[in-house]
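Structure record follows, encoded as structure tokens.
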């Protein structure tokens, strides 16, 4: 023990620089890997932890009947709680707020269901009209938090009665102004921060009770929809749908919020898996780079310990002495890395999961952070033991069945030697790294394509005109929009609620006015006759229907059988998401309904046109009773755009893995084959020729990795992107990262030459006599 203590003191002084570098390497590896793994676990569980404490809603009742009595809905068997809120616009300090800024009708919201986590402050008093709560994103965007005030501007009753305000696109707010105080910052499954949006301000139910006419108007056409929590959870939604149909005497859209939950589960799981993959790739890079450096430190120590063998140093003592410095550095680096990973938890989880995290801030996940304190030193000790044992028991290099064929090619001796060295090493690590890199780049190309093109999500239009409601519309509006020079296509879309068995959804009857606004088809072709229908992806899945099947649809004024000509994606409307609903020709729509709930104009704009300028011009042309707004994009568009950096980061980490494994292969071979190179140098090989031995090996390994990794990586990246496209859903277009692959080949070859530079210099400067004598 005294020898080991003395040796450690000598090593700590002599090799303090090497050991400090090893401490930093281990700390960097442990911090990045632990932070990634802990962040992945936190992101994966965020939504489940939020649901567990917030009484989440199970259904959304999309009522459009102004006279519906919500107390009768609350009395239905199986209904645990109902929270209605008005479909009515209000304005806050001229901020562009989204559709979730809605006034609750009564105090049920946030108390009987969707009881939020309070990130700060408290809930608003339901008796006060001047108290609001906000989401965390609002505090980030506008710099206002608990204690600050905002100004709520309401419409006059006359403005509330205007049809245009149902679309929310006209400037209003000429009614009462209320200075409201922010009393809380909330988060719940339905009131969580989106990955992209203007932030949300939510008033108390006192605003509705005090200013009902300013929100709903006096014409009796205003209505409210409601969140519902059911005794049987999501399993009770079909029962509630039947109960609402019986209560109102007509089919009513009751959305299963479990489908939304499953979407966010998939999204957070995908992001967590991406972070986990990044962590595992970082682990591989850290293992290879740290292992290489440990081997270098151990090799230097063994050269000194070899001299002490003659004095009676046992093999066990030699191994222990060689391991002391690296193990101590590994332990110190692990402590630093774990501390850094714990500090990094303040910024986790990332992506969509950040908006669902019920307890943001510092989070010490001992299940992830504790093991490195033991595992890293143990692995370093094992590596030292293996290196020491391998040095004492040298083995002849394994033969290769390809090597004799390489010799028969009559290539220069340095090339043959480099190729034989390459063939003696497995190319699995290099191929795996390049395969993962190309797969991640291919996947990233798919993400970038979808993130830059709303048409992949069915939004082939760039603007919408709300020109009618409940069977009444403003004449001549779409003709005026079609005459605008920047409008290339106009389609008239009438919407009504229909049913197919127990599935209730919105159907659009689309008639072209000018140009083309094509529907987005995932498979099949758009309807061309009055007996064909395009089903949205989600609706087709709920109905169990596909292209070629026949379905029976029942509308307000008729029923009919239709052939499914396509499954695709639809414009986002007031009562439907982009993957919900159906699309018919105008004649097909007339078979089901003689009226409409909502009249929309879908406008395609000229590429390069300024949407803001065009929309202002169209608003002036169509008049005050019509609302012209930009196309509403589904939240999935922002979610895909939000995660586009993750596969790129993963690609970079996998690229480092390929580089690290190639560097390990070349350096390890150069150390083991020094004797072979020394013999060749003794037989007349020049230093310049010796440099080409590791160069040839590196180029051969890189070439093999490219030949196998690129096609396999493209295929794997496309397969993964297809799975994501189908589950999102969006239109799948096979991605090919041409811009990344074109420079990849020369970059890989240049990297191989750079990595071979140091081993090449060592081979060229090898002390032949000393090496042969040592061997």
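Our numbering is plain: 1 for the first residue shown, then up by one each step along the chain.
Heads up, the Cβ atoms here are built off N, Cα and C, so glycines get one too.
Features as listed in TrEMBL:
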type     : residues : note
TRANSMEM : 272-298  : transmembrane segment
TRANSMEM : 319-347  : transmembrane segment
TRANSMEM : 367-390  : transmembrane segment
TRANSMEM : 427-448  : transmembrane segment
TRANSMEM : 645-666  : transmembrane segment
DOMAIN   : 649-765  : domain 'ABC3 transporter permease C-terminal'
TRANSMEM : 698-720  : transmembrane segment
TRANSMEM : 740-758  : transmembrane segment
Recorded stretches the transmembrane segment (740-758) and the transmembrane segment (427-448) touching, at least 3 CB pairs under 8 Å: yes
Stretch with greatest number of CB pairs under 8 Å, the transmembrane segment (272-298) reference, 319-347, 367-390, 427-448 candidates: 367-390
Helix, strand and coil counts within the domain 'ABC3 transporter permease C-terminal' (649-765) (DSSP): 98 helix, 0 strand, 19 coil
Segment confidence, the domain 'ABC3 transporter permease C-terminal' (649-765), expressed as mean pLDDT: 86
